[in-house]
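Inspection log for the structure reproduced underneath, given as structure tokens.
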Amino acid sequence: MEPLVGSLRERATSSCSCRTLQSWFPVLSWLPHYNLRWLQMDLVAGLTVGLTTVPQALAYAEVAGLPVQYGLYSAFMGCFIYCVFGTSKDVTLGPTAIMSLLCASYMGSDPVYAVLLSFLCGSIQAAMAILRLGFLLDFISYPVIKGFTCAAAITIGFGQVKNIFGLKNIPQQFVLQVYYTFHRIPEARLGDVVLGLSCLALLVSLTWMKTDLVSPSPEHPTYVKVAHGLVWGCATIRNVLVVIMASCVAFSFEISNHHYFTLTGQTAKGLPPFKPPAFSETKANGTIIYFKEIVLVSTQVFTLLTKWSQNGYRIDTNQELFAIGLTNIMGSFVSAYPVTGSFGRTAVNSQTGVCTPAGGVVTGVIVLLSLAFLMPVFYYIPKASLAAVIICAVAPMADWRAPLQLWRVRKLDLLPFMVTFLVSFWEVQYGIVGGVLVSGAMLLYHMARPHIEVHDHGVLVMDLDSGLNFPATEHLNQVIYSQALHVSPPRCVVLNCHHISSVDCTVVHELKDLLKQFRLRNVSLVFSGLKNSVLEVLLAGDLPGLKYTDSIETALQILSGNTHFD
């Protein structure tokens, strides 16, 4: 018998160890089953996402106020790390518009701040994951997320209008940005305007084309299917096509000595050096800024990770936090600024049929090849074309249907949405904080003021529509005193506890005082439908004259004198 028990124990231990290992290294759950078909699909998806990532990374570096090469520095580390530690086959990590906007507020166009910011954000995220604090993200409600993303989309999109018009020295603050952009429109460069609007029109046309493209049926000829695939592919990699065409136009004018466009300009060549982030910085005037001063700035950035489902499965929030945190930590060693999951590139990854996170490896290789060989070419990329890429990337985030949906479902949810939306135009990170605070206040108010339905059956029956926590005890007392104890004659009460799943010391203390008041007035307070866990706590609280029944009907029979308590 002992050998059998020992064998079962070893198997259980082995199984637990295997599951634990797979939870920390999800790559072990799919790599043993990897096959040739998956490889083919991952190559196609990785290539497609890579061709989307390169122009977007260059553009998002502009949003962050950094040289464009820092966008590529930030775009490859997550591809490799997420392949090992990520829980979703579709998610791609890299620079995003919103994260770039958040970082721009504090980096002051200083790469040293940007790199250290990545290290600090990654450390915080990894620590949260290890401590299993991913549940904190549950307190960011849907209205807050929608309000923030809508405001961020408008802020980011309008922030690129200056590049469409070729304007310089426009303030970062949104209100001032709007004022000075319109004030200085007469200074717009005609070449940038024409090229920027042309790129926007082409991107919008390709986007609509992809949306309205009807898949051919099996009966269609082969050439129709091939044409459909080519059109769909061009529409999918529209960003890189537009940037290439705009660069060719700019290059043709530059070599003929006509400087009609504002170009990206000189960029650093080659791969970034692998080194730890700097914990101090010496300014041009000789001033030294030390680690603690950079930390005070860096830790103000509020990073946002949302839980979402993709293709029928849920991602593990804590594991995602760990993957993103590790990416940011390691990214700081290759001069990256903070990154997170990209919704747009994740959608492209899913639509192209990626089978495993290995598709990200292909994307990472494409970014590395771009850094190694294409940096001199990026000199000729017009800023207007990158601005068009950014505007088209963030436009879908401005979901104008969200307020209407909130109005139809629950009008009160418009409050945190509007607070987040409006405050975000002042400072985007304050918008999130403001929305979370308003949502939290609404949640606490609902806890403190639960709806209590009162039915008169000769005896008052009170139904709580939610749980009973210590903020709600004062409200419950007021209702009971006003309708049962402060009337003449006093009335018995049956409290329906069906929705109460837990109580705390404050609730027990208040109920004890309440029961004493009922005894002084020679009437009864009966608890109906108590769960065993709640009953145990009440019995441990030594409540005087505690009376409870399984159902309201039994309580009414007892109080009417037809039966008695056990």
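Glycine is treated like the rest: Cβ placed from N, Cα and C.
TrEMBL entries are annotated by machine, without manual review.
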Message: If I go by TrEMBL, the feature transmembrane segment sits on one of 43-61, 290-308. Which?
response: 43-61
- prompt: What is the pLDDT of the domain 'STAS' (458-538) when averaged and given as a whole number?
  reply: 88
For the transmembrane segment (414-445), distant same-chain residues with Cβ under 8 A (at least six beyond the ends): 98, 101-102, 105, 139-141, 143-144, 146-148, 150-152, 154-155, 174-175, 300-302, 304, 402-403, 406-407, 471
Message: Short question: most Cβ pairs under 8 Å with the transmembrane segment (115-137), which of 43-61, 321-339, 386-402?
response: 321-339
Field: Candidates 43-61, 67-85, 229-253, 321-339, 359-379; stretch with most C-beta pairs under 8 Å toward the transmembrane segment (386-402)
entry: 43-61
Query: Excluding the flanking five residues on each side, which residues at least 6 beyond the ends of the transmembrane segment (43-61) place their CB within less than 8 Å of a CB in that stretch?
result: 67-72, 74-75, 92, 94-97, 100, 233, 236-237, 239-240, 242-243, 264, 342, 344-345, 348-349, 352-355, 358-367, 370, 378, 381, 386-387, 389-390, 393
